[in-house]
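Trainee: If you scroll down you'll find the structure; I have some questions about it.
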Amino acid sequence: MLPYVIATLGSAGSTCKASTCSNSTKDYCYSARIRSTVLQGLPFGGVPTVLALDFMCFLALLFVFSILRKVAWDYGRLALVTDADSIASALHSDNHDRYERLTSVSSSVDFDQRDNGFCSWLTAIFRIKDDEIRDKCGGDAVHYLSFQRHIIGLLVAVGVLSVGIVLPVNFSGDLLENNAYSFGRTTIANLNSGNNLLWLHTSFAFLYLLLTVYSMRRHTSKMRYKEDDLVKRTLFINGISKYAEPEKIKKHFEEAYANCTVLEARPCYDVARLMFLDAERRKAERGRIYFTNLQSKENTPSMINPKPCGHLCCCVIRGCEEVEAIEYYTKLEEKLKDDYKREKEKVNEKPLGMAFVTFHNETITAIILKDFNACKCQGCACRGEPRASSCSESLHVSNWTVSYAPDPQNIYWEHLSIRGFIWWIRCLVINVVLFILLFFLTTPAIIITTMDKFNVTKPVEYLNNPIITQFFPTLLLWCFSALLPTIVYYSAFFEAHWTRSGENRTTMHKCYTFLIFMVLLLPSLGLSSLDVFFRWLFDKKFLAEAAVRFECVFLPDNGAFFVNYVIASAFIGNAMDLLRIPGLLMYMIRLCLARSAAERRNVKRHQAYEFQFGAAYAWMMCVFTVVMTYSITCPIIVPFGLMYMLLKHLVDRYNLYYAYLPAKLDKKIHSGAVNQVVAAPILCLFWLLFFSTMRTGFLAPTSMFTFVVLVITIVICLCHVCFGHFKYLSAHNYKIEHTEVDTTESRQNGRPATNLPAPKSAKYIAQVLQDSSPEGEATESEEQGSQDEELITTDGMNDTDFQSCEDSLIENEIRQ
């Protein structure tokens, strides 16, 4: 189909040999952009004006951020370590649960005295070392930042070639007007169709592909991805008989496999409601302790309105009467504690038919995994059954699905109960709703079209002003592209993935796909939404109008729109990442919904969230793809793309170190990002193929060469991604290091001791099931609450005492 369409485009486009596209073609392409999306005829595409405006906005946003950072200093300090649960965990055990749900943060987290000035945080970004980031943020953050540095190096090489060689070649053409202020003279549209210099563009596109693969291989080869020894020795088994006992699971493996020792078998249970009750119980407990201490200081009882937003009510109405705070939270705590105890007693009656099984070494784990995977049907023939034991039938071994277990900190224990048919239906409904929403609202052009129906844009129709025609449209496109990751993120969150890595990978792939359609493909083709795209693609007039559509890509001023978009992303986008406006809005909403001062303090203490690697990868790769796609047809875009990546790298270093909690993911999220990088030079080849076909026809030497290179590249990529072939040609070259666990004390006579439990922090069991017995929880909670109040009080806390205690907590919290 692709060669036929391209050949048709060539035959249709070969008739278009004029120096410029006709006015009808321009109107046809610009019509989808509603007169205010692509600049038509302004000096140098309005780039200098947009650059100046965006830079001034960037400076203003940095000033606002510095003020907010100074004013909201203590919010971030409270957010990281003052949760009572985390404090107790850090002080009393090796296990702690730092990983909560995330969106973003509303204030800066800073514990280093070296950057507590008004603008000293700017220089502190450059003084942060990778070792400090690894210790505080984890290995995934170092992986992510290394990825950015290699993209920056790639853009430096591409920028030197594009600006130093391709740009003068484009400028040497004479098809467009001989005007120093004409943006079109810098694009490939300025060259004649018979110019032999077009071979340079095709060769450089292939060179950029090779540079991209080399850069990613260098990135992956330098990153030693560390995997815990426990993870490599643990298998996750799904499909077990629901009421299978751990001893039977151990017996099966030790009978079926010689020299196999099972250290631990942990069945999984439905703990979603138990975790919810535990969280609510702790909130009520903290509220009771807060008002008890407050009453002991002020000797007056506190009254609260227990309704949501009750503290905002200025009058007392029926049904919203105030109640005594200690009495309210005491009753609520007792009720939740009773519900929690009852649910904990019933949790063993809710098995999920899953288990985590830990073995004594990696070798036997690999043998068992290979044995079960080899039994999967291939075509119509099945290659046998797994090894049997006396417990095989009762355990339903033939129904097992076996894989390596994720890291315990990577698991959403509350989501394990959502599985099978219910999970697939839930996922299907969510993604259908998401697709329908984005199907009609893919680009800002469709919004502007709706506004235009009510004559909203009529007053500015005749204004040929860069601010009207370029600044606001590109800003609008950035706003929509910023909103899209949030929508896609919440869709992935409601899908209830079992692991954080799976959630981030889904977010990354979906965000990247929709962003490429929104930002690159549809605006380039002069289409306003996916709705129009599919109607154009499957219309009977497709072949007749295809040539005109692809001419939209190579209009002289088309590249200016994307240059201005990259400028907006570099300055306004990165500045907004520093401010984290969505997180600030969410924080304000949560404060408004809080029912008392205790709950508002609890909101302040739960601002710090994990960094969203999936959304960050997707947005960054979208801008990089736009830059690489137009790096040859519009080479002036590359320096601005490099500027975006440099600012993005600095902003992410700051956010990772000061604003977000560490996240524990697997290497699949990083390898998926590497795969997406290769899509950028492939799209660049597509753009050159379309241009060559439109100008010279499909059978021209440049068109055929580009087509052959493109087909070979796509075949290699598909074979590698789908079947694992061409590993030496791939962009992956990861080296994995295993973090060995000291098992000297757990061995008896050279053989692992089966009666010694794994360290508490490494257990494959939900945190809520690792807590102490219900009888001891009340006393322990009182002690935790007392310690919490000693550490954090609203008014009477000495800053020096807080800082010293906080430093010890941070060291215990982060260094583990």
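Including glycine, each Cβ sits where the backbone N, Cα and C put it.
Copied straight from Swiss-Prot:
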type	residues	note
LIPID	Cys57	S-palmitoyl cysteine
LIPID	Cys119	S-palmitoyl cysteine
LIPID	Cys375	S-palmitoyl cysteine
LIPID	Cys391	S-palmitoyl cysteine
LIPID	Cys719	S-palmitoyl cysteine
LIPID	Cys722	S-palmitoyl cysteine
REGION	224-419	region 'Intracellular linker IL2'
REGION	560-592	region 'Gating helix'
TOPO_DOM	1-46	topological domain 'Extracellular'
TOPO_DOM	72-138	topological domain 'Cytoplasmic'
TOPO_DOM	172-195	topological domain 'Extracellular'
TOPO_DOM	221-420	topological domain 'Cytoplasmic'
TOPO_DOM	451-465	topological domain 'Extracellular'
TOPO_DOM	496-499	topological domain 'Cytoplasmic'
TOPO_DOM	537-559	topological domain 'Extracellular'
TOPO_DOM	593-612	topological domain 'Cytoplasmic'
TOPO_DOM	660-666	topological domain 'Cytoplasmic'
TOPO_DOM	696-700	topological domain 'Extracellular'
TOPO_DOM	722-816	topological domain 'Cytoplasmic'
TRANSMEM	47-71	transmembrane segment
TRANSMEM	139-171	transmembrane segment
TRANSMEM	196-220	transmembrane segment
TRANSMEM	421-450	transmembrane segment
TRANSMEM	466-495	transmembrane segment
TRANSMEM	500-536	transmembrane segment
TRANSMEM	560-592	transmembrane segment
TRANSMEM	613-631	transmembrane segment
TRANSMEM	635-659	transmembrane segment
TRANSMEM	667-695	transmembrane segment
TRANSMEM	701-721	transmembrane segment
Trainee: Averaging the per-residue pLDDT over the region 'Intracellular linker IL2' (224-419), what integer do you get?
Mentor: 84
Trainee: With the transmembrane segment (613-631) as the reference, which stretch in 139-171, 196-220, 560-592, 667-695, 701-721 has the largest tally of C-beta pairs below 8 Å?
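Mentor: Between the candidates 139-171, 196-220, 560-592, 667-695, 701-721, the best contact partner of the transmembrane segment (613-631) is 667-695.
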Trainee: Counting Cβ pairs under 8 Å to the transmembrane segment (701-721), which of 139-171, 196-220, 635-659 comes out on top?
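Mentor: The listed stretch sharing the most Cβ pairs with the transmembrane segment (701-721) is 196-220.
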Trainee: Given pairs 6 or more apart, does the transmembrane segment (635-659) have at least three Cβ pairs under 8 Å with the transmembrane segment (560-592)?
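Mentor: Yes, the transmembrane segment (635-659) contacts the transmembrane segment (560-592).
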Trainee: Check the recorded sites Cys391, Cys719 for other C-beta atoms within 10 angstroms of each C-beta and report the one with the most.
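Mentor: Per the Cβ count within 10 Å, the most buried is Cys391.
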Trainee: Tell me, how many other CB atoms lie within 10 A of the CB of Cys57 (S-palmitoyl cysteine), whichever protein chain they belong to?
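Mentor: The answer is 17.
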Trainee: If I take the alpha carbons of Cys57 (S-palmitoyl cysteine) and Cys719 (S-palmitoyl cysteine), what is the distance between them in whole Å?
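Mentor: Between the alpha carbons of Cys57 (S-palmitoyl cysteine) and Cys719 (S-palmitoyl cysteine) there are 46 Å.
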Trainee: Using the alpha carbons only, what distance in Å do you get between Cys391 (S-palmitoyl cysteine) and Cys719 (S-palmitoyl cysteine) once rounded?
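Mentor: Rounded to a whole number, the Cα-Cα distance is 41 Å.
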Trainee: Is it possible to list how many residues within the topological domain 'Extracellular' (696-700) are helical, extended or coil according to DSSP?
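Mentor: In the topological domain 'Extracellular' (696-700), the DSSP-based counts are 1 helix, 0 strand, 4 coil.
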